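Quick look at what TrEMBL lists:
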- 508-631: domain 'STAS' (DOMAIN)
- 106-123: transmembrane segment (TRANSMEM)
- 129-150: transmembrane segment (TRANSMEM)
- 157-181: transmembrane segment (TRANSMEM)
- 238-260: transmembrane segment (TRANSMEM)
- 266-287: transmembrane segment (TRANSMEM)
- 328-348: transmembrane segment (TRANSMEM)
- 360-378: transmembrane segment (TRANSMEM)
- 390-412: transmembrane segment (TRANSMEM)
- 418-438: transmembrane segment (TRANSMEM)
- 450-480: transmembrane segment (TRANSMEM)
Amino acid sequence: MGNADYEYPNVESVQRVAIPPPQPFFKSLKYSLKETFFPDDPFRKFKNQTSSVKFVLGLQYFFPIFEWAPKYTLQFLKSDLISGITIASLAIPQGISYAKLANLPPILGLYSSFIPPLIYAMMGSSKDLAVGTVAVGSLLMASMLGRVVNYVENPNLFLHLAFTATFFAGVLQASLGFFRLGFIVDFLSHATIVGFMGGAATVVCLQQLKSILGLEHFTHEADIVSVMRSVFSQTHQWRWESAVLGCCFIFFLLVTRYFSKRQPKFFWVSAMAPLTSVILGSLLVYLTHAEKHGVQVIGKLKKGLNPPSVTNLVLVSPYMGTAIKTGLVTGIIALAEGIAVGRSFAMFKNYHIDGNKEMIAIGTMNIFGSFTSCYLTTGPFSRSAVNYNAGCKTAASNIVMAIAVMLTLLFLTPLFHFTPLVVLSAIIVSAMLGLIDYEAAIHLWKIDKFDFFVCFSAYVGVVFGSVEIGLVIAVAVSLLRVLLFIARPRTFLLGNIPNSTVYRNVEQYPNANHVPGILILEIDAPIYFANASYLRERITRWIDEEEDRIKASDQTSLQYVIMNMTAVANIDTSGISMLEECKKTADRRGLQLVLVNPGSEVMKKLNKSKFLDELGHKWVYLTVEEAVGACNFMVNSYKPNPMKDDSEPDKSIV
């Protein structure tokens, strides 16, 4: 790369890097806040509208039912009716099962499938989300509240704390949506969710050994060591009748699910299997009097609709703190699951759901649910998948499901008296096995080992510690990764691709050539106080390594350090100080620092700090090609040391 490769750039042809015009502080702040909290520009459709139209649009925003109800057709009703009845057949046994998992009265599972779906149908933006209780949320609630209150010794207080935790979960969820803070949920990465859900599903399955083996006394701890110790210390109390019944129903449920996956048009086989299991199990117990031979049954369920529970909320110490903590943790997990499921099915049907609107809807239904004897609800994947496969068209399928549950509460609850608990455990186990997504874990291992480590940490934390420990570990490891990305950004050494004017990372393109006398670096992140010190030391090390390489190869001495700042979106005062120190280091070594394409925010701050005046505006270029062209011309023609005379280049560089 000699003189023939470069011509000195004409002053007229070189485009300067522009310094953006100054903007008032409040205007910049307004823009930043808008991009943080309103990236989807929800007010766009309100522009240039009359007051009456704005009122209707506002009503439709908070209550989407007013948007789709006027367009509702008989064909939609037919599809939603089939979907609603189908998911009700799944919701009834699942609701009873998950309530038992939460150590709550089984009837609460039915209560929670009546009021919340009606609220969501009015306020939710997803067409496919089917509302109900979830296993992970139930386990979390049982685990966290159980550490403070024993549900056997004090069932009323435990029940009231569950209502209170649900209330605070709803307040948190609705607040996140109302104040546009949905990005907080994004800190639960995909890897975290995969590991956490897999660990929770494993723990839930282990907990079902109590009913499957017919044990009366069982540990209240959720970790695998405590569970297995409790199981194998009571081998003399195992009930073979219960174990055989449980294994048979688990096998039946898994076979039906496998068949429905292989034959999607027979989705209803898997959807009806839990209710079928409940009916068969109840008939078997009733006809054989198996409850007298160690097979535990649900017992009496109260008839009637949800009684009010607003007066049962525990808003006094010392239990209020526990309810708040439980509500916050379970609320975040339920929110993450509900939004993830809603977005997944929206992607399949090619429509958009508003994450913040979903948070308001889910939060509101949990607030009202806590007032009407319901506990934590969200959009479980299994129920939503059945709703999607059944061909639902709108959220009205939730209304149909709620009506079916209402009729069950009014007339059919006595039929569940002989339902064996082992059947409910089988339903839970079959549902949980689908949450252990080992294929996703293998995929993480192949793509990103750190993501797999996050996933594995969450899984191990849940299985060997507790649900809360696993969640904390996973979030902590994820945040550590974010901090590492910020504090240790990548810097690249660039070289010239042969027979081109393109400059790329020499590690990615080994055939890229070093430019004699010039070191070209690229910083691949904003420069903040957290990474400024590291970047200063890394840039100094690049310079040392380049000088050592030049000495070893007896090439032209290093004279220019070009820093490509295209990827530097922003910079703070610590970053500016770092650049000033780099310039001083370059000056002491007789080198010239050159900047390439700083962004608008960076140029604005460099100009205000007077750094551009110290560096010289002529040493800021728009492209690496222009910077190399000018520097290479001076290396080969005019200036062996650019620092000796800084008064002349006005006629040569813009």
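Here the Cβ of each residue, glycine as well, is placed from N, Cα and C on the backbone.
Keep in mind that TrEMBL annotations are predicted by a computer and have not been checked by a curator.
If you look at the transmembrane segment (266-287) against the transmembrane segment (106-123), you find fewer than three C-beta pairs under 8 angstroms, all six or more positions apart, and that falls short of contact.
Within the same chain, residues 124-129, 134, 136-137, 140-141, 144, 165, 168-170, 172-173, 176, 182, 184-185, 188, 193, 196-197, 355, 358-359, 362-363, 366, 376-381, 384-385, 388, 468, 471 sit at least 6 positions outside the transmembrane segment (328-348) and bring their C-beta atoms closer than 8 Å to a C-beta of that stretch. Helix, strand and coil counts from DSSP across the domain 'STAS' (508-631) read 66 helix, 21 strand, 37 coil. Ranked by the number of CB pairs under 8 Å to the transmembrane segment (450-480), the listed stretches 106-123, 129-150, 238-260, 390-412, 418-438 are led by 129-150. Simply put, out of 106-123, 129-150, 238-260, 360-378, 390-412, 238-260 has the most Cβ pairs sitting under 8 Å from the transmembrane segment (418-438).
Between the transmembrane segment (390-412) and the stretches 106-123, 129-150, 238-260, 360-378, it is 106-123 that has the most C-beta pairs under 8 angstroms. Long-range neighbours of the transmembrane segment (106-123) within the same chain, counting only residues 6 or more positions beyond its ends whose Cβ lies under 8 Å from a Cβ of the stretch, are 62-65, 88, 91-92, 94-100, 129-133, 159, 162, 298, 301-302, 305-306, 357, 360-362, 364-366, 368-369, 372-377, 379, 395-396, 398-399, 401-402, 405-406, 408-409, 413, 416. Residues belonging to the domain 'STAS' (508-631) score a mean pLDDT of 90 in the model.
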